[in-house]
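TrEMBL annotations:
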- 33-434: domain 'tRNA-guanine(15) transglycosylase-like' (DOMAIN)
- CYS383, CYS385, CYS388, HIS414: Zn(2+) binding site (BINDING)
- 468-515: region 'Disordered' (REGION)
Amino acid sequence: MTGDDKQNPQPQAAAAPMKFDVLKAAIRDAPTAARLGRLAIAARRTVDTPNYFAITSRGVVPHVTPDNLAKHLSDVGGAYMALEDFIERPQQYLKRPAPILQTPSLEFPYSPALGPRPPLHSFTAMPPSVITVLAARRLPAVPAPMGNTNSSVSVFTSTGFQVLTTREYADAVSALRPDIAVPMADLTDKALTPTSKRATRMAERTDDWVKEWFAQLDASNSSGHTGVATFAPVLPVGFPMQWEYLERLSEDYVSASTTNQKEEEGETTRKNHLAGLALYDADVIPDLEDAYPNLTPLPRLSLANPTTPHHVLRQIALGVDVFALPFINTVSDAGVALTFTFPPPPPSSDPSVSRLPILPLGIDMSSPTAGLATDTGPLLAGCACYACARHHRAYVHHLLAAREMLGWTLLQAHNHGVASAFFAGVRAALRAGPAAYDAACRTFAAVYEPEFPAGTGERPRARGYQYAGGAGEPKRNKPAWGKLGGPEDDVAAVEQKKPRGGKTKNSNGAIGTGNAGADIVDGSLAAAVEAVDLQEAGAVPEAQMDGTASAQALI
C-alpha cells in the first residue's frame, strides 16, 4: 500500500454520493496541466488522483478472485465493468431477464455499518471498498457488424450481438446501482476516424441519450438521488463537432445551483446531476477548459485506452484524473512482468557512462534465453507486491512453462502493484511542482523503451466470446493436437483446412469427424494411402505392399 493511500485505508462514508476535491490545481502557462485530486464515494475507500481503475471481465479482474483482490491488490480503488458481459439472451429464453438484474441488495458481511450492498457488488462479490464503474460496452469494445440506431447500440454478449436500448440500459443502472455509471454514447469502436457527417450524428445521438438518461433517472427515483454518479461521455471527435452537446452539459447538468434557480422559476426540479466526465479522447480537455470553465472541477475518467505508460503520462499532463487501463491484463496474459517505475531510476554515477541506458518496460517471464530458470531475485527490485515478497523469477517462469494458472495470478498481483506504485510516484512528483513533474516525464521517456516486450510464451487459453477473431485473424488458441509425428506446421495446416461443421482434412484430403473410433479407421486408411503414394514414387518395393492391397482396393 502506498504512503498517501495509508491515510485512508478503510472504506468511509461521505455526506454526498460522490465528492471530488482538486487538491492542487494546474498552474496556468505551466509546462503541464496535471492536477492532484481526491475522489470520495459513500462507503468506498477514498482514491487519490491521478490513479487508475482495474478492467474486469464478467465482473472480476482476470485471474484474481475477489478475496485475493481485497487481500493482495488492496491498492486497486475501482473496477470498470460492462453491462454487455451479463445480459446474454439464449434463443430459447429470449424474454427471460438476465440473472444479474434479479440480484437483491444484501448486507455487507461483517460490516453492517456500510449499509446494504448494491446488487452489482453482490452479484460480482466485489470487495466493499472498491468503486464500481458501469458502462454499456467493455474496454476496448469489439466492433459491431451493424451500426447503432437512434435509440440503441449493438453490444456483444456470450450469445452474439444484440440490441441494447437507452431505456433498457437506464433501467439496468437503476436496478444494479453502481457507484459510477457512464451513459451510452454513439461510438464506432473502430480505429478509423469517423467522417464529419458521422461525427455530427454521433454528437446529436449522444446528446439525446444523455438528456433521456437524466429524465429517466429522475422519473424512476422520485424520492431523491439514485446514489449513482453520472460521468457523461465525451466523444472521440473534434471539439467543433460536439460543442453543442458539451454546452448543454455545462448549462443544464453540472451543479445544483442551476436546478435551484429553475425551481424558483417554477420549472421541473432535477435530482441527479453531472458528477464527472468520461473521456474517449483526452485531447479535447484544453478546449473544454477554455470554453466551459464550470466543467473544470469535475473528475475526468479516461476511457481512451492508453497502450503504454508513456501515453498515460501524456494524458495526465492534459489533465486526466482516473484511468481505465486494459494493458495491465494484456501484458499479464502475455507473460510479461512490468518493470517500470516513476520517477525512473537515477543515472549511473560511473563517469564512463555518457548516456542513460534504455530500459525495458517489462520482462518476458517465458523467455528461455534470459536465464530466468535459475534467477531467484524478485520480479522487480524494490517492489512490495505479494508476488515479489513471496516468490522469485524462477518460480514464476516455471509456472508459466507448466501453464499453471497461479503464474498469471502472480503476474496480475505484480503488474497491478507496479501500476499503483507508478501513480503514487506521479502524485509525489506533482506535489513537488509542475517543473519537477515535467522533468521526470522527460527522463522517463528517454530511459524506457516505447513499447512493451512481446511475450514469447503460450498465453492462457482464451475461453471468452470476446476473444472471437474477426475476418482474416489467426486463431487465438493453439490446436490441442495434430498429425502424429509431423512438424508443428502440420498442426496449423490442419486448422487452416478445417471446413464448416467441425470436420478436419488430413494431408491427403481425408475428412475426420473427431470421433475416437472413426479416427482409428481413418488413421489406418490414411497410412495405406501414404504407402501407396510412396510405392508409386518408387520409394517402397512392391513386396512390401502386399499388406495394403485391400486398403488400396478401397482407394
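Glycine too: its Cβ is placed from the backbone N, Cα and C atoms.
Remember, it's a predicted structure, so these values are computed and weren't measured experimentally.
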Practice task
Mind checking which of CYS383, CYS385, CYS388 has the fewest other CB atoms within 10 A of its CB? They're the binding-site residues.
Solution key: CYS383
Exercise for the section: Sort out the sequence-distant neighbours of HIS414 (Zn(2+) binding site) for me: same chain, 6+ apart, CB within less than 8 Å of its CB, listed by position. Expected result: ALA337, LEU338, LEU379, LEU380, CYS383, CYS385, TYR386, ALA387, CYS388
Completion exercise
Mean per-residue pLDDT in the domain 'tRNA-guanine(15) transglycosylase-like' (33-434) works out to 88
Problem - Environment of CYS383, CYS385, CYS388, HIS414, the listed Zn(2+) site - residues of the same chain whose CB lies within 8 A of the CB centroid - result: PRO378, LEU379, LEU380, ALA384, TYR386, ALA387, ALA389, ALA413, GLY417, VAL418
